[in-house]
Amino acid sequence: MKLGIITGGGEAETVTGFAIDHRKVAPGTVFGAFEGARVNGEDFIDAAVASGAIAVVARPGARVEGAAHIADKRPRERFANLAAQFFAPFPATNVAVTGTNGKTSTVEMTRQLWRMAGDHAASIGTLGVNTDSDNARTGLTTPDVVTFLSNVAGLAREGVTHLAFEASSHGLSQYRTEGVPVRAAAFTNLGRDHLDYHGDMAAYFTAKLRLFSEVLSPEGTAVVWVDDPQSDRVIDLARARGNRLVSVGTHGDTLRLVSRDPTLLGQGLVIEAEGREHRVTLPLIGAYQAANALIAAGLVIATGGDVATTLANLARLQPVRGRLERAVITKQGAPVYIDYAHTADALEAAMLALKPHAAGRLIVVFGAGGDRDTGKREPMGQVAAQHADSIIVTDDNPRGENPAEIRRMILKGARGASEVEGRRDAIAAAIAEAEAQDIVLIAGKGHEQGQIVGDMVLPFDDVTVAREVAS
Ligand SMILES: CC(=O)N[C@H]1[C@@H](OP(=O)(O)OP(=O)(O)OC[C@H]2O[C@@H](n3ccc(=O)[nH]c3=O)[C@H](O)[C@@H]2O)O[C@H](CO)[C@@H](O)[C@@H]1O[C@H](C)C(=O)N[C@@H](C)C(=O)N[C@H](CCC(=O)O)C(=O)O
Ligand SMILES: Nc1ncnc2c1ncn2[C@@H]1O[C@H](COP(=O)(O)OP(=O)(O)OP(=O)(O)O)[C@@H](O)[C@H]1O
Ligand SMILES: N[C@H](CCC[C@H](N)C(=O)O)C(=O)O
Ligand SMILES: [Mg+2]
């Protein structure tokens, strides 16, 4: 790729790469200098040029000396589109999922359904970059734009033709995925999260809606879970733009969930599609997992999958790591589940999934992440108090905050809860308390392999800890 093509100028220099962190600039790099939440990337322009940057994508007002200034009012978007030209080609079929809860589950299920249909598929999200044979963690749900585009291109080189990725609200507002054409985009639901970053619910929702107003290809399809109170906004947007609509849910037109009957290890679903009823046994429990599975089916159908085959394949879905994952059965006979619920809505969904399976009590252990939306803590406490029979409030990832203060904010909502400092001790207390007919839910960290305390990441895995303390 020649710089002349990028700047429209005469003298063409060869571009060797793209970077948004000045420490990753090498000779020939195009540097993206963006105003961030923590620091201003424009402060590193001189350092980037000193390291060999040949062009800087930045606001028109930014000062660039010694390199071409590619000025744009939306520098992140411009940078992503240029970088996409450099990294392309990408897989032919890309779909994106947004929503407060269910993104990871949905992209993972979409990947599985494509694979069952014989396609070479991958997913990118909270669980990292996943293919049939490989997993690589990126540390973020939607990786930074350079990591994302280079990974997507790498997948294409490996022969991946179908990619499902998570579009987090941070990712959308920072243009982390721009430049990869999106054939179908899904909306799962909207609940409270990340208001530390977005400020209020309106701004948070607007960030998510950008997936439908700008990122989804004009000829692409919107896949919408219609049972969410906010889904009409997404549908209106899709209609206004002329996108095709795949509506899914108990009032869905494309995939209508007619009934859902919990069984011991899963649930029987009746789904109406193309004018006939399809019966499937989904090997996963909980209404929320049925919702995600149907949205995934919607994405596969939206990108050319056969309806009957796709729905039949739901019966072969494998569980998603850390989402209602059964870690162990205690000596007393109580199953212990790990779930990634870290919002009030998710905690409610996880408890409602388990309740029909508990002849005895539902015991819940959870905390909340530090340096994240503080306003979700009390509602998480309230929803636990509403549905659980016994609550232990403990620590999640405290990060830079005082864990006792985080617990106090949750406990304000969780009347009658007990408090146990230290996640291992809390899990041990819950397991010790559980009797034969009870169920234990350990929520908030799911698949995570570490606990972030201050600047340190201490090894911690809820599944392993539950097994250790139960033995
Ligand atoms: C709040 C947030 O989204 N932060 C991310 C974001 O920061 P930002 O653009 O605001 O960056 P900043 O740190 O203020 O720096 C501004 C710019 O200067 C650059 N810089 C900075 C320092 C330096 O020495 N040199 C330099 O060039 C940075 O690369 C950046 O481009 O860009 C950084 C570089 O890509 C990310 O590492 C960083 O993620 C932090 C670590 C993070 O914790 N993010 C979380 C909140 C996040 O993104 N979560 C979402 C949602 C999770 C979910 O619900 O699923 C996710 O998608 O993972
Ligand atoms: N469709 C849904 N409706 C309500 N709650 C859900 C739904 N899907 C998942 N959840 C809850 O949210 C948790 C996280 O699910 P998942 O990881 O799929 O979501 P996510 O949107 O990727 O989350 P993150 O924002 O961390 O990336 C689950 O463990 C479950 O408790
Ligand atoms: N992607 C989410 C994950 C939260 C997981 C929870 N364990 C926490 O640390 O808050 C976030 O970064 O807010
Ligand atoms: Mg996720």
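Backbone N, Cα and C atoms are what each Cβ position is placed from, and that goes for glycine too.
Shown in sequence order, Thr188, Asn189, Gly191, Tyr288, Ala341, Thr343, Asp345, Ala346, Ala349 are the residues of the chain, 6+ apart in sequence, with a C-beta less than 8 angstroms from the C-beta of Asn101 (ATP binding site). The ATP binding site annotation in TrEMBL covers Gly99, Thr100, Asn101, Gly102, Lys103, Thr104, Ser105.
According to DSSP, Asn397 (meso-2,6-diaminopimelate binding site) is assigned to coil rather than to any helix or strand. The feature meso-2,6-diaminopimelate binding site is assigned by TrEMBL to Arg372, Asp396, Asn397, Pro398, Arg399, Gly444, Glu448.
According to TrEMBL, the feature domain 'Mur ligase central' maps to 97-299.
Residues or ranges marked as domain 'Mur ligase C-terminal' by TrEMBL: 322-446.
DSSP assigns Lys208 (N6-carboxylysine) to a helix. Long-range Cβ contacts of Lys208 (N6-carboxylysine) within its own chain (separation 6+, distance under 8 Å): Thr98, Gly99, Ala167, Ser169, Leu172, Phe187, Leu190. Marked as N6-carboxylysine by TrEMBL: Lys208.
According to TrEMBL, the feature motif 'Meso-diaminopimelate recognition motif' maps to 396-399. Listed as Cβ neighbours of the motif 'Meso-diaminopimelate recognition motif' (396-399) (distance under 8 Å, sequence separation of 6 or more from its ends, same chain) are residues 342, 366-372, 406, 423, 444-445, 448, 451-454.
Of all the Cβ atoms in the protein chains shown, 22 others lie within 10 Å of the Cβ of Pro398 (meso-2,6-diaminopimelate binding site). When the Cα of Gly102 (ATP binding site) is compared against those of the binding-site residues Asn397, Pro398, Glu448, the shortest separation belongs to Glu448.
The two recorded residues Asn397 (meso-2,6-diaminopimelate binding site) and Thr104 (ATP binding site) have their Cα atoms spaced 19 Å from each other. The Cβ of Thr100 (ATP binding site) has Thr188, Asn189, Leu190, Gly191, Arg192, Asp193, Thr343, Asp345, Ala346 as same-chain neighbours under 8 Å, each 6 or more residues away in sequence. Listed in chain order, the residues near the meso-2,6-diaminopimelate site other than Arg372, Asp396, Asn397, Pro398, Arg399, Gly444, Glu448 are His342, Gly367, Ala368, Gly369, Gly370, Asp395, Lys445, Gln451, Ile452, each with its Cβ within 8 Å of the site Cβ centroid.
Between the C-alpha atoms of Ser105 (ATP binding site) and Glu448 (meso-2,6-diaminopimelate binding site), the distance comes to 15 Å.
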